[in-house]
Amino acid sequence: MTVRWIRAALAAALVGALGLTGCGGADEPAGPDVAGPVTVFAAASLTESFTRLGKEYEAAHPGSSVTFNFGGSSGLATQITQGAPADVFAAASPATMKTVTDAGDATGEPAVLVRNQLVVAVPRGNPARVGGLADLARPGVKVALCAEQVPCGAAARTAVDAAGVRLTPATLEQDVKGALAKLRLGEVDAALVYRTDVRAAPGLDAVEFPESARAVNDYPIVVLRAAGNPAGARAFVDFVRSDAGLAVLTAAGFQAPPGG
Amino acid sequence: MSRTVRRQRVPIALLVPAGLGLTFLVLPLAGLLLRAPWTTLPRRLTEPGVLTALRLSLETATVATLLCVVLGVPLAWLLARVEFPGRRLVRALVTVPLVLPPVVGGVALLLVFGRRGLIGSWLDETFGVTLPFTTAGVVLAEAFVAMPFLVIAVEGALRGADPRYEEAAATLGAGRFTTFTRVTLPLVAPGVAAGAVLCWARALGEFGATITFAGNYPGRTQTMPLAVYLALETDLQAAIVLSLILLTVSVVILAALRDRWVGST
């Protein structure tokens, strides 16, 4: 008698579980099972887009909340490998993502979310008349770059080398927002930053240059192994990779991933 | 000088938190030593970037300390010896950089000494001098953050000094400046030295105001704390090595100065 009861209960539980998974795998990504907090570590250049996507995600998933930690991707990667509590990592370069996957802190293969390209950011109206990378080497033109340790700096180094320009920057900032801040404060005349950063910053113009095509950054995103809320983390990644999410990202100036 | 030492049992209620406090302060340093890559240490120490950053750190901290002594000792004297309206407010203002987050200090410095700043724009137009992204800018940022330490230490020493020596000098006909240089200063010299050491240590460790105001460029504005932070972005081992060097240098110099000038207790 008792055995039969237990069997019945197990069967009911199994059916319930199957039903739930079926439901989660179907068209409806939203559901009560992905509620709860999600902590996202993301590259500084994703600040504006992800903040907006986080709000949209919270609206679409009642009971959920998204917390962001934006910063230089390499520093974020170090924090993650040192055990920082994060559910999702979105990096500005495959190299910084590799730090995390090599340490075994990611689940599965990272997916390429978007790509980003460098531009020369100048104050509106381009008072220093910067037309390309070569102008940045002119005497009297102060330039802020990212440090080579972070992705925007590595990309800047590649682009500058590709252009064959000998450039002595005024400062090498710890992330792209630092370089941008020095420009917005008027302390430098130009900064090599991502196209998306210029779009997000009022009062700045972007000067495109051909060599930036040599230094396009892929932005990989992955759910972390130590995620406290794996279901929520997966749902967030799916959300930003959905058509609606990509629309927000491309509107910010990112390029859709290759073949995506 | 005989002191009565009362041999009583130390209360557990004080001993336990004291022990925990000590552990809390020492453990992170021990962690640094335990995780240090000792085998590759010699090779990493001789990397050119390391010595450049170390030299820049030592130089800027020393110049900043000199600046703080030249400006801070008279300021401390003013606060301790001259009655004037609003003295309490001035004292409060002097200590603001102590409680201000250094990054905020850096932004404030940019708004005043930056290329578009109140004084900075005048400096740029008149003399063609810009302070951000220069070694002078590093000194300025360090002095801004470190000067309150010196002022507070020296003011405390002045308040603790016996005013009768100064009064005696005055009755013998010495002016206030003569009294200051011939009587007051020698009297509070240990206090000035202690303040200068504190000031130097604070300047050596300065990070936030420096990276905000002076930026980061190797050989020009990249001091050791900045180098540590950037190394942390990619190479944890290098960051540990740099931290160890900074720790060793500051401990050795502070210990040496303490024995020589400040008098150990």
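Just so it is clear, glycine is given a Cβ too, placed from its N, Cα and C backbone atoms.
As written in TrEMBL, here are the features:
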SIGNAL    A:1-26  signal peptide
BINDING   A:SER45, A:SER73, A:VAL176, A:TYR194  molybdate binding site
*Chain-internal residues near A:TYR194 (molybdate binding site), provided their CB is under 8 angstroms and they sit 6+ positions away*: A:SER45, A:ASN116, A:GLN117, A:LEU118, A:VAL119, A:CYS152, A:VAL176, A:ASN217, A:GLY253
*Determine which residues of the same chain, besides A:SER45, A:SER73, A:VAL176, A:TYR194, have their CB within 8 A of the center of the CB atoms at the recorded molybdate site, and list them by sequence.*
A:ALA43, A:ALA44, A:LEU46, A:ALA92, A:ASN116, A:CYS146, A:VAL150, A:PRO151, A:CYS152, A:ASP175, A:LYS177, A:VAL193, A:THR196, A:ASP197, A:ASN217
*Among A:SER45, A:SER73, A:VAL176, A:TYR194, recorded molybdate binders, what is the largest CA to CA distance in Å?*
14
*Three-state secondary structure of A:TYR194 (molybdate binding site) from DSSP?*
strand
